[in-house]
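S.K.: Pulled from Swiss-Prot, these are the listed features:
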- Cys98, His140, His144: Fe cation binding site (BINDING)
- Glu141: active site (ACT_SITE)
Amino acid sequence: MALLPILEVPDPRLREKSTVVEVFDDNLQRLIDDMFETMYKAPGIGLAAIQVGVAKRLLVIDLQQPEEGGEAKRNPMVFINPELTPEGEEKRLYNEGCLSVPDQYAEVRRPSVINAKWQDRDGNFHEERIEGLLATCLQHEMDHLEGILFIDHLSRLKRGMLMKKLLKERKLREDSY
C-alpha cells in the first residue's frame, strides 16, 4: 500500500466530474487500499478518488468509532458508482470539513435521509436507506464526484472568508519552512 498525495483547493482537478468505474481489477483494489491508507493517515473519515487525482466514481468512508480502550474500531466502506436520492424534505445541519480544504470547517445543510445504490469493491450491487453521519458523509463525498466542494454550499461571503483564511494559513506554513 502507498500514501497518495491529496489534492487541495484551488487545484482545478477537484472540479472535474468523475467517470463510471467499469473494470474491477487488481489496479482498482490497490487504489482502494491506497485510498484507505491515505485517509487514515490524514486523518479523515471519507475520501473520493478525485481527491487523489483519479477521476473515477469511487469513494471510501470509515466512521471509526472509538472503543472503550481508546482504539478506533475500523469499519471501512467502499462505494463505487454511487447514486443517491434524498428521502423526504427533512434537512440536517452538520459542521463539515474536507481533506482538500484543510483545517477549514463550516455548517452545511443536507438531506437527513437518503436512498443509496452502489457497487462494492467486487462489483456487487447494494441498495440501502441511510441516515445520520453516514448520510452526510456520503453526500459530501458524492459531491466530489460531481466536482463540487462543501464550500460551494456556502454563501459567497462565507466561502470568500474561508478561502482567504485557508490561503493565509497555507502561506504561513510555507513561510515557516
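Yeah, the Cβs are placed from backbone N, Cα and C, and that goes for glycine too.
Keep in mind it's a predicted model, so treat the numbers as computed, not measured.
Relative to the rest of the structure, where do these features sit?
M.R.: Same-chain residues at least 6 positions away in sequence with a Cβ under 8 Å from that of His140 (Fe cation binding site) are, in sequence order, Gly46, Glu96, Cys98, Val108, Arg110, Phe150.
Cβ contacts within 10 Å of Glu141 (active site), excluding its own Cβ and spanning all protein chains shown: 23.
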S.K.: Which of the three DSSP-derived classes (helix, strand, coil) applies to Glu141 (active site)?
M.R.: helix
S.K.: What other residues of this chain sit with their CB within 8 A of the center of the CB atoms of Cys98, His140, His144, the recorded Fe cation site?
M.R.: Gly46, Ala48, Gln51, Glu96, Leu99, Ser100, Glu141, Asp143, Leu149, Phe150
S.K.: Can you give me the same-chain residues 6 or more apart in sequence from His144 (Fe cation binding site) with a CB-CB distance under 8 Å?
M.R.: Leu14, Ser18, Ala48, Ile50, Gln51, Leu59, Ser100
